[in-house]
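**Student:** One structure coming up, written as structure tokens, with questions to follow.
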């Protein structure tokens, strides 16, 4: 514990690396939660880790103990400069200064080995980051992400609830979602105005969509939820072949008055395949 406490003291008081609001940074500073979160991340021997937005590196050293290869992608130039100094002794860490949303994940992929993604994600871009990981699901076995509590609730939402959304369907198409820890605001600096949750996304091993179909599938689900108060069959018939849409609803015994939040993930997958 002395190592963790000392590290956090150093991060807060000796290095004036301030969180940047425009980057959505909220740094983990509580030693107990840093250790708790790291302990809940399971990485098999030989599996590389991608850390998204290491910031001040609160959890990076602990992740490095779990793998032979840790790729840390950080957009903030000042944070990268700081990490190059403080993590210099870790030969298994590769620091990459880049925007993860623009970064080519294939460039760090290891043949025949699936990575684990980890990140205290900026809440304003958490959804696009997770969707990028899922678009590249062939490279990953799991993701462990700090999220806004509201977003975590949406990932776990059930059909016919107000939380059930495009994001629910998109994430659950490719992953099984588990809530690991509720995280209070006070463990971050600066203290966020929202509650947080640490989530585990276990990437499904079965192939449910071809890589070339993922964006088109996301587009269909987006269309369905674009007018969630209306009958989803009418919304979809404006965009897709009407006969195919109506045939799917008829054969699938889905009532034609159903709204977007009433269809399950499997039904969205079936619908996509029917109209493609």
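Each position is counted from 1, following the chain as shown.
Positions of Cβ are set from backbone N, Cα and C atoms, glycine also.
Keep in mind that TrEMBL annotations are predicted by a computer and have not been checked by a curator.
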**Student:** What does TrEMBL list, out of 92, 120, as binding the same S-adenosyl-L-methionine as 26, 28, 53, 74, 99?
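**Tutor:** For the S-adenosyl-L-methionine site that includes 26, 28, 53, 74, 99, TrEMBL also lists 120.
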**Student:** State the count of C-beta atoms found within 10 angstroms of the C-beta of residue 120 (S-adenosyl-L-methionine binding site), not counting that atom itself.
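**Tutor:** I count 26 other Cβ atoms within 10 Å of it.
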**Student:** Just to be sure I understand the packing, how many Cβ atoms besides its own are within 10 Å of the Cβ of residue 99 (S-adenosyl-L-methionine binding site)?
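**Tutor:** I count 11 other Cβ atoms within 10 Å of it.
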